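K.L.:
Dumping the structure here so I can ask a few things about it.
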């Protein structure tokens, strides 16, 4: 049986790119880019809480890094490196190979090398914590507090699919294999637009990644920026996997559903063309979904008028 | 009941120092020091595996950061910031207050502000993952591969106490309240000499922090440096809490016992005076415990001569 060090060697100790000291010493090392700020974020994923025990480990490796790249993108930062803390009940070679392949495939694509980590044993389930490090030119970070009244609100990708897939997999929605096939990719293999996020640094105003639900996350921008956010229901990009579902359920999945990992950001109307051109260049679907206004809170405008958005909901691990 | 965001606010969102953007956005931000390299490390602590469920939460908060500062020191890096990923079965205000106080007290002392994190719920026990970021002047990091034949081997602090405390608490050693009182501080509240580690950057050669046991960790230096390490048994600083224990047990606790979080490093004999002066300045107990030689492996010299050190042992979470 492999010991801890053999495990690290075999699955995670790939050569670090030039300029990095990677796995194998007390710390990893790299030289930051002069004049740039260092951005850092950490996420914790727990079996049974954030993923199903039988999820495809390749997709899990991808998602564990993707949710962190999503945070970098929402800050306008480009990826620089990542670290992995991993706890397993036992060593399962096939699982580890698939998990590491999923992680490395995205790490390679994002130029975000794995430079350090810690592996350990837990009697309970799998625990994954990834820390990402990124860089953004000084003063250009996309902070939540930077939205201004009059700003457009933009959203990448579509909404609702991850929530519907979760409901189907949990049996909270009647089995529908076709709908599950259409929606589960959004849940299990999200592709956050981290390259667009970095391209928007210095151009957009505020940004956040939609992890806990659009209304909740946009509410963080509104609160930090001391503005109100007005969403236009008809402009929201409802994922096609929601077609045919009851209107109430669609509305809940779109406004409150979590695990989206798309980018919500604000920008001056004068920048519309530049912003759309960037999204085009990066091949990212982009919708203009509302505007920031004076006041506070999040509102939705539909055929019946302007209403406060559902106040509860979102993916709050402890309460809500 | 507090929700996740209230939890973060109440216990962990202390104001970040000037020059940092801390908790509350998608990423934390700070400006690295020009001409320095960024050092990073992550550790994962799991209830029942790395700490007892009933451990004093103040000490646990201290230790969770201390083990990471130990890694920075072993790289010669000075602390810059830390991130915390924390999973709890439920919100326990008294526990959280004590845990965060223990963490912040050491973070303040080490000038290592908590700038980001993630909190979540796990049905099982407590999971703590801390990432530390530090800085070391370019080219001065203390790498494991930098030891040279003829180097002195140095060790801070004493050996064996944490291992004896663990045996007492696990009932593997007959109850002895006096011995437990003398030894458990080493296990539950380690004080790694991270300041000395940074001061040694550019002066010492190789370094490692003793977390898995002296022989195992020194073996990493020997292997990476393609040298042998010869330890002098009589020079090893046996903790006074081991007084009166059988010689075999003392030997095992000293050579193989983990959770030490002291610094083992090598340096040229010409630097002896400078190294001792630095330790004096930092108030750190320092022992010269052997020398690096040509060859490979770790050996111990005692009254019977030179023997290979115990090959097995050390704290290996999966095997060993």
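Using N, Cα and C of the backbone, Cβ positions are placed for all residues, glycine too.
Below, the features straight out of TrEMBL:
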type    : residues                   : note
DOMAIN  : A:24-136                   : domain 'PurM-like N-terminal'
BINDING : A:26, A:71, A:209          : Mg(2+) 3 binding site
BINDING : A:26, A:41, A:71           : Mg(2+) 4 binding site
BINDING : A:43, A:71                 : Mg(2+) 2 binding site
BINDING : A:43, A:118                : Mg(2+) 1 binding site
BINDING : A:50, A:259, A:315         : substrate binding site
BINDING : A:117, A:118, A:144, A:211 : ATP binding site
DOMAIN  : A:148-301                  : domain 'PurM-like C-terminal'
BINDING : A:212                      : Mg(2+) 5 binding site
K.L.:
Restricting to the chain of residue A:41 (Mg(2+) 4 binding site) and a gap of 6 or more, list residues whose Cβ falls under 8 Å of its Cβ, or answer none.
P.N.:
A:68, A:71, A:72, A:75, A:131, A:132
K.L.:
Of the binding-site residues A:43, A:50, A:118, A:209, A:212, which one sits closest to residue A:144 (ATP binding site) when you measure Cα to Cα?
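P.N.:
So, spelling it out, the nearest of the binding-site residues is A:209.
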K.L.:
If you average per-residue pLDDT over the domain 'PurM-like N-terminal' (A:24-136), what number do you get?
P.N.:
94
K.L.:
Where residue A:211 (ATP binding site) and residue A:259 (substrate binding site) are concerned, what is their Cα separation in Å, rounded?
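P.N.:
If we compare the Cα positions of residue A:211 (ATP binding site) and residue A:259 (substrate binding site), the gap is 5 Å.
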K.L.:
List which of the binding-site residues A:26, A:50, A:117, A:209, A:259 have their Cα within 10 Å of the Cα of residue A:43 (Mg(2+) 2 binding site), in sequence order.
P.N.:
none
K.L.:
Mind pulling out which binding-site residues among A:117, A:211, A:212 sit under 8 Å from chain B, Cβ to Cβ?
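P.N.:
Out of A:117, A:211, A:212, A:117 lie under 8 Å of chain B.
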K.L.:
Taking the Cα atoms as reference points, how far is residue A:50 (substrate binding site) from residue A:209 (Mg(2+) 3 binding site) in Å?
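P.N.:
With distance taken Cα to Cα, residue A:209 (Mg(2+) 3 binding site) is 17 Å from residue A:50 (substrate binding site).
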K.L.:
Under DSSP, is residue A:71 (Mg(2+) 3 binding site) helix, strand or coil?
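P.N.:
Looking at the DSSP assignment, residue A:71 (Mg(2+) 3 binding site) belongs to a helix.
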K.L.:
Which one is closest to residue A:212 (Mg(2+) 5 binding site) in space, judged by CA to CA distance, out of the binding-site residues A:26, A:117, A:118, A:259?
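P.N.:
Comparing Cα positions, the closest of these binding-site residues turns out to be A:259.
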K.L.:
Can you count helix, strand and coil residues in the domain 'PurM-like N-terminal' (A:24-136) using DSSP?
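P.N.:
Result for the domain 'PurM-like N-terminal' (A:24-136), in helix, strand, coil order: 35 helix, 46 strand, 32 coil.
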K.L.:
Where does residue A:211 (ATP binding site) sit in DSSP terms: helix, strand, or coil?
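P.N.:
DSSP call for residue A:211 (ATP binding site): coil, neither helix nor strand.
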K.L.:
Please report the Cα separation of residue A:118 (Mg(2+) 1 binding site) and residue A:26 (Mg(2+) 3 binding site) in Å, rounded to an integer.
P.N.:
11
K.L.:
Would you mind pulling the longest C-alpha to C-alpha span across A:117, A:118, A:144, A:211, which the record has binding ATP, in angstrom?
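P.N.:
Site span for ATP, by Cα atoms: 32 Å.
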K.L.:
Determine, using Cα-Cα distances only, which of these binding-site residues is closest to residue A:117 (ATP binding site): A:26, A:209, A:259.
P.N.:
A:26
K.L.:
Please identify which of A:43, A:209, A:212 has the densest Cβ environment, defined as other Cβ atoms within 10 Å, among these binding-site residues.
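P.N.:
Of the binding-site residues A:43, A:209, A:212, the highest Cβ count within 10 Å belongs to A:209.
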K.L.:
Where residue A:259 (substrate binding site) and residue A:209 (Mg(2+) 3 binding site) are concerned, what is their Cα separation in Å, rounded?
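P.N.:
Given the Cα positions, residue A:259 (substrate binding site) is 10 Å from residue A:209 (Mg(2+) 3 binding site).
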